[in-house]
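Residues or ranges marked as domain 'CAAX prenyl protease 2/Lysostaphin resistance protein A-like' in TrEMBL: 143-235. TrEMBL lists 24-47, 67-88, 109-130, 142-160, 172-192, 198-218, 230-248, 268-291 with the feature transmembrane segment.
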């Protein structure tokens, strides 16, 4: 897939920085930037004349002008990447090799296709087995909403969980514990989603944590997990028109209905709450981790130099 060589695996913190800068200050600042940008977006949206319905629309998960969703999501992605690069250079004092130009387009595109394909496999299996029924096909506003949902989540969550959390945990305890611990935290962060259930959060955690963690560890760059995360979410909402992580129903290109037990269909969580999806995602993560152990992959690279960084050729 990717002709670009992997980014060497980090081994230790640069001597001039520590845990506080990289593990606490940077993520807090990134979260603050994200909320600030989203707050400005909501304020601008309210200023267009829809302020009376804004609360109800946000609660329902559907905006009056969904065509703006992809544009807002794209702007948010760009600003978050710029903020991350600035914050890492300012506080961590290291080159931002995980967002280097090398492999960016190819790995992101591959990730989008991979994420869309992985989440579509359990949907196809449920369709063929009669547990999902297609009711209609149409060009609906929910397609734009689904693309926007994918964009709004993919960059921020990957910068926070894989760019900071998995990277630092891998540094201290190795890739296995990095995936295990980040999986627990990632699942816990979705506990408050409106339609989330106990089984759903377990399924979501063991799907996304290992899969996205493995995608990062393969090349030690964020482009693949960012693309995968976007393809995963956007395919659910924009194409299949299903609930994403228990956040609410959406009408995409397809409109259908599930029949069967929650452990199979995901229930109120959506297809992410299905154990079938969990099995498919875990198998995919296993394949990626297997590839990451092969020659010319990030996990097989020699340690970095004593500074804990690589030359800033792509940052």
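One-based numbering along the chain as shown.
Cβ coordinates are placed from backbone N, Cα and C, and glycine is handled just like the others.
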Query = Who are the chain neighbours of the transmembrane segment (230-248) in space, where the CB to CB distance is under 8 Å and they lie at least 6 residues beyond its ends?
reply = 60-62, 111-120, 123, 140, 142-147, 149-151, 153-154, 190, 193-197, 200, 204, 208, 254-256, 266, 268-273
Note = Its residues classified by DSSP, the domain 'CAAX prenyl protease 2/Lysostaphin resistance protein A-like' (143-235) shows 80 helix, 0 strand, 13 coil
Key: Across the domain 'CAAX prenyl protease 2/Lysostaphin resistance protein A-like' (143-235), average pLDDT on the 0 to 100 scale   = 90
Message = Are there residues at least six beyond either end of the transmembrane segment (109-130) with Cβ under 8 Å to its Cβ atoms? List them, or say none.
response = 1-2, 211, 215, 223-236, 239-240, 242, 256, 258-260, 264-265, 271-272, 274, 276-277, 280-281, 284
